[in-house]
Amino acid sequence: MSQAISEDQYAPLFAPFFGFAGCAFAMILSCLGAAIGTAKSGIGISGIGTFKPELIMKSLIPVVMSGILAVYGLVVAVLIAGGLSPTEDYTLFNGFMHLSCGLCVGFACLSSGYAIGIVGDVGVRKYMHQPRLFVGIVLILIFSEVLGLYGMIVALILNTRGSGN
């Protein structure tokens, strides 16, 4: 009546835990980075909004860039979740590969969000006093955003290695 669960040497029963952990780390850490970036830069935007309300729309760039970081984590989490199946053997190699994918994009987006938050907060406040700083601030924000993109690229490369393609 009951079906016996067989355990393979290369596909132990605990291997999917690492894949699920990678999926969770990708979402949790990248959303944490997006939240930090949004909160820190949002403080600067609210600070200048009381003095120069006309600058608020132009100052929303750091908030938008922080939100993109959560999308990076979402993409990797969906790809990891697509590789998990209860009916197929899931090797320990794939479990560790998916864990490293999640940690890679998660920590990259966390550090990127922190950088965007600091640059966005200080940049918006200084932009209020000197509008010529806008281009330089946007360039620094782009370089900060690219840190999260690098993590996603490495996670995608790792994910394709884990799937055997």
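Cβ atoms are placed via backbone N, Cα and C, with glycine included.
Quick look at what Swiss-Prot annotates:
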- 1-16: topological domain 'Lumenal' (TOPO_DOM)
- 17-37: transmembrane segment (TRANSMEM)
- 38-59: topological domain 'Cytoplasmic' (TOPO_DOM)
- 60-80: transmembrane segment (TRANSMEM)
- 81-98: topological domain 'Lumenal' (TOPO_DOM)
- 99-119: transmembrane segment (TRANSMEM)
- 120-136: topological domain 'Cytoplasmic' (TOPO_DOM)
- 137-157: transmembrane segment (TRANSMEM)
- Glu145: site 'Essential for proton translocation' (SITE)
- 158-165: topological domain 'Lumenal' (TOPO_DOM)
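With a threshold of 8 Å between CB atoms, the same-chain residues lying at least 6 positions outside the topological domain 'Cytoplasmic' (38-59) that come near it are 66-67, 113-114, 116-125, 127-128, 134.
The Cβ of Glu145 (site 'Essential for proton translocation') has 23 neighbouring Cβ atoms from other residues within 10 Å, across all protein chains displayed.
Within its own chain, the topological domain 'Lumenal' (81-98) is flanked in space by residues 8, 10-12, 15-20, 22-23, 158-159, 161-163, which lie at least six positions past its ends and keep a Cβ under 8 Å from the stretch. According to its DSSP assignment, Glu145 (site 'Essential for proton translocation') is helical. Model confidence over the topological domain 'Lumenal' (158-165) is summarised by a mean pLDDT of 73. Per-class residue totals from DSSP over the topological domain 'Cytoplasmic' (120-136), listed helix then strand then coil: 16 helix, 0 strand, 1 coil. Taking Cβ pairs closer than 8 Å, the topological domain 'Cytoplasmic' (120-136) reaches residues 37, 40-41, 43-45, 47-48, 51-52, 55, 58-59, 61-63, 65-66 in its own chain, all 6 or more past its ends. Residue counts for the topological domain 'Cytoplasmic' (38-59) by DSSP state, with H, G and I taken as helix and E and B as strand, are 17 helix, 0 strand, 5 coil.
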